[in-house]
Amino acid sequence: MKPRVFVTREIPERGLSKIEEHFELDLWKDEAPPSKKVIIERVKDCDALVSLLTDPIDAEVFEAAPKLRIVAQYAVGYDNIDVKEATKRGIYVTNTPGVLTETTADFAFALLMAAARRVVEADRYVREGKWKVAWHPMMMLGYDVYGRTLGIVGMGRIGAAVARRAKGFGMRILYYDSIRREDFEKELGVEYVPLEKLLEESDFVSLHVPLTEETYHMIGEEQLRRMKRTAILVNTSRGKVVDQKALYKALKEGWIAGAGLDVFEQEPIPPDDPLLKLENVVLAPHAASASHETRSRMAEMVAENLIAFKRGEIPPNLVNQEVVKVRPPGFQ
């Protein structure tokens, strides 16, 4: 008999078909995510769970699923999962790292470019019939990107990928990280500086850190006031890394020139959020990894993690390595 898995959203077929070869599949097909109540109900008899960032997976869910042995996250981040509790219960947690790196870096740079050159504003300007003069020397003035200074906060895989793109634009690249990356300094010519100096000297600041107690609201009023009035902030990491109220104030009052945001403190962003009324911010619906190729590869990685576990092997992308001491891999 195949082990049973609940998949909380319809993911690309390349992954689903592989999962279905090895598991009895229970798939949530609604576009809206299942509520926690629904997850608890559907996972009761499951051996495995495929989750997304919008799914709260905690002790209450684990308690309702005595057979649950693995949670395969369809994402790199996993702050929606109580990993400590999972480990205590001998539940393996996996994710999909690496595969998102290049497409997320593409998107971060796209937000940077769109905000700097006012691309979205210009599009609306044309569509709304406001373009009355063929050309005007002061129309839609933005900021150059080539040759400017980029500050990267978080020099991991994605931060380094953004740096590689910035090199092609002849940019000076500063970075701040909790760990100094001398390997990237040699490879990419990036310069390690304290966060304060990075904020003060950068024309663009791009955030690439995980959400932890240390990074929660690491960009707040104090940090935003340190930035240049002509600077642009880009966030493709986690919404709560930035104090959104302080950011609104900074954009509204002109402490900084603009922002490009793919993530927010509350997702979806409420329709009455004041950020939506500002012209100097480019907004996206947590879509940095949203390419056909990347999302399909993510689905395949989820399947690979599940299938390896079923074979009694340690999954290739295991988050909580210490769980191996609690329970060996497999559905035995």
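Cβ atoms are placed via backbone N, Cα and C, with glycine included.
Quick look at what Swiss-Prot lists:
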- R238: active site (ACT_SITE)
- E267: active site (ACT_SITE)
- H286: active site, proton donor (ACT_SITE)
- M155, G156, R157, I158, T236, S237, R238, H286, A287, A288: NADP(+) binding site (BINDING)
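Straight-line distance linking the Cα atoms of R157 (NADP(+) binding site) and H286 (active site, proton donor), rounded to a whole number, equals 19 Å. Counting in whole angstrom, E267 (active site) lies 10 from R238 (active site) by their C-alpha atoms. Within 10 Å of the C-beta atom of T236 (NADP(+) binding site) sit 26 other C-beta atoms, taking all shown protein chains into account.
Long-range Cβ neighbours of R238 (active site) (same chain, at least 6 residues apart, Cβ-Cβ under 8 Å): G77, D79, V209, P210, L211, T215, V263. Every protein chain shown contributes to the tally, and the Cβ of M155 (NADP(+) binding site) ends up with 26 other Cβ atoms within 10 Å.
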